[in-house]
Amino acid sequence: MGRDIPDNETWWYNPYMDIHPHWKQFDQVPAAVYYSLGIFIAICGIIGCVGNGVVIYLFTKTKSLQTPANMFIINLAFSDFTFSLVNGFPLMTISCFMKYWVFGNAACKVYGLIGGIFGLMSIMTMTMISIDRYNVIGRPMSASKKMSHRKAFIMIIFVWIWSTIWAIGPIFGWGAYTLEGVLCNCSFDYITRDTTTRSNILCMYIFAFMCPIVVIFFCYFNIVMSVSNHEKEMAAMAKRLNAKELRKAQAGANAEMKLAKISIVIVTQFLLSWSPYAVVALLAQFGPIEWVTPYAAQLPVMFAKASAIHNPMIYSVSHPKFRERIASNFPWILTCCQYDEKEIEDDKDAEAEIPAGEQSGGETADAAQMKEMMAMMQKMQAQQQQQPAYPPQGYPPQGYPPPPPQGYPPQGYPPQGYPPQGYPPPPQGPPPQGPPPQAAPPQGVDNQAYQA
């Protein structure tokens with residue numbers, strides 16, 4: 001039994017859709033699956049719109065948060081907000097409850113285009129965030145790597161252009177946008193095995209997925225290695241630090257652990273969100289096509305759409321200043337995201353240790369604390385290098401000490417049997433009794449005065 005899909009009936013809208021024959025060979029998905037997907041997408045869409053909307057509002061209204069690095073957070077929130085609004089609730093939710101796509105071919109292409117642009121934009125924005133954090137933490141003393149509003153704006157423009165280039169191809173015939181999975185949402189056509197579609201899928205896989213993931217892995221791996229190496233160096237220098245420097249070092253160690261954890265969470269979240277989708281697309285092109293069932297195709301869609309919820313939590317709510325603004329403007333949001341009091345105090349201590357002028361570069365308190373700690377370590381290392389080496393270079397001089405003269409000592413020296421046995425002779429008799437004899441006074445000095 002094929003899937004019950006209306007195509008030639010007369011409705012107040014045109015339900016006719018171009019559906020790939022691959023999907024028609026499967027039995028109809030149970031109604032409970034459609035309703036479950038509709039509820040899930042509605043929840044993701046509402047939370048994604050509210051969460052990312054709050055991020056955009058607070059970052060644009062709070063002057064202290066309008067830093068170059070936070071421009072990437074705003075762009076990511078805008079991308080996820082649009083992704084949740086268009087590709088989640090209400091279009092896909094309505095289609096799931098109707099059990100088929102109800103908006104026609106033109107809307108399918110627009111839906112797929114918007115999902116492609118803002119989905120790829122989220123990936124590329126996360127890549128730019130990883131590059132910025134690598135420059136701040138992994139190479140903090142490089143003046144040329146300092147982020148500015150102009151540089152951040154140029155990088156964001158590049159993200160928009162890059163995402164649009166790869167997403168707009170199917171509109172002009174390089175691939176296509178079509179229904180997928182349970183036929184309630186549209187995306188790239190990864191089922192058709194012709195040269196055009198295959199080249200489109202491969203190029204997107206390499207340049208829009210693998211390249212960003214390699215950059216993200218490289219940046220966060222080097223961040224973890226950098227903070228680990230500096231922690232070891234700081235432990236070796238701990239004995240030479242005063243109380244203030246030691247307090248900064250301890251705060252930096254806390255920042256290291258937090259940054260390492262966040263790095264692992266970011267990479268894991270990225271892989272869970274987008275890797276299943278990439279695997280299904282490659283499997284459909286180069287693997288057994290029968291493995292790409294409606295369920296196998298729809299599950300990665302759910303992971304990808306849920307990423308719009310994860311991103312504001314990871315990139316924004318972990319920001320201490322952002323949490324303060326949430327607590328003052330939207331305290332009800334934090335009721336579901338309680339934080340350990342010690343963690344909040346550590347964040348405040350980290351910020352208190354850093355002068356206000358040093359936080360204007362856009363980095364978070366953790367990144368700024370790490371930057372100051374590494375600057376202090378590099379200063380100490382430079383002082384060590386300025387001290388003269390001991391012993392000085394070139395000492396002792398070459399050829400010193402001089403070699404002994406040739407033929408010295410003479411052959412056969414000392415003579416055999418020398419010194420003679422029993423020489424020198426041991427003293428005879430018991431040791432002398434009484435105190436040791438006293439030295440005579442110098443000439444012209446009274447003996448009694450000398451003894452006194």
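Keep in mind that glycine also has a Cβ here, set from the backbone N, Cα and C atoms.
Summarising the annotation, Swiss-Prot assigns compositional bias 'Pro residues' to 389-440. Look at Swiss-Prot and you will find Cys108-Cys186 tagged as disulfide bond, backed by sequence analysis. Here Swiss-Prot flags Cys336, Cys337 as S-palmitoyl cysteine, drawing on similarity to another entry. What Swiss-Prot records for 346-365, 376-452 is region 'Disordered'. Per Swiss-Prot, the feature topological domain 'Extracellular' maps to 1-33, 98-109, 173-199, 284-293; the stated evidence is a curator's inference. For 59-70, 132-151, 225-261, 316-452, the entry in Swiss-Prot reads topological domain 'Cytoplasmic', with the evidence type a curator's inference. What Swiss-Prot records for 34-58, 71-97, 110-131, 152-172, 200-224, 262-283, 294-315 is transmembrane segment, and it gives similarity to another entry as the kind of evidence.
Long-range contacts of the topological domain 'Extracellular' (284-293) within its own chain (CB-CB distance under 8 A, at least 6 residues past either end) are made by residues 22, 26, 190-191, 193, 197-198, 201-202.
The average pLDDT the prediction assigns to the topological domain 'Cytoplasmic' (225-261) is 64. Summarised by DSSP class, the composition of the topological domain 'Extracellular' (284-293) is 6 helix, 0 strand, 4 coil. The helix, strand and coil residue counts that DSSP assigns across the topological domain 'Extracellular' (98-109) are 7 helix, 0 strand, 5 coil.
Across the candidate stretches 34-58, 71-97, 110-131, 262-283, the maximum count of CB pairs under 8 A to the transmembrane segment (152-172) is reached by 110-131. Note: the stretches the transmembrane segment (262-283) and the transmembrane segment (71-97) are not in contact (fewer than 3 CB pairs below 8 A, sequence gap of 6 or more). Contact count against the transmembrane segment (200-224) (Cβ pairs under 8 Å) is highest for 110-131, out of 34-58, 71-97, 110-131, 294-315.
Within the same chain, residues 3, 5, 17-20, 22-23, 29, 33-34, 37, 87, 91-92, 95-96, 99-101, 108-109, 111-113, 115-116, 280-281, 284-285, 289, 292, 294-295, 297-298, 301 sit at least 6 positions outside the topological domain 'Extracellular' (173-199) and bring their C-beta atoms closer than 8 Å to a C-beta of that stretch.
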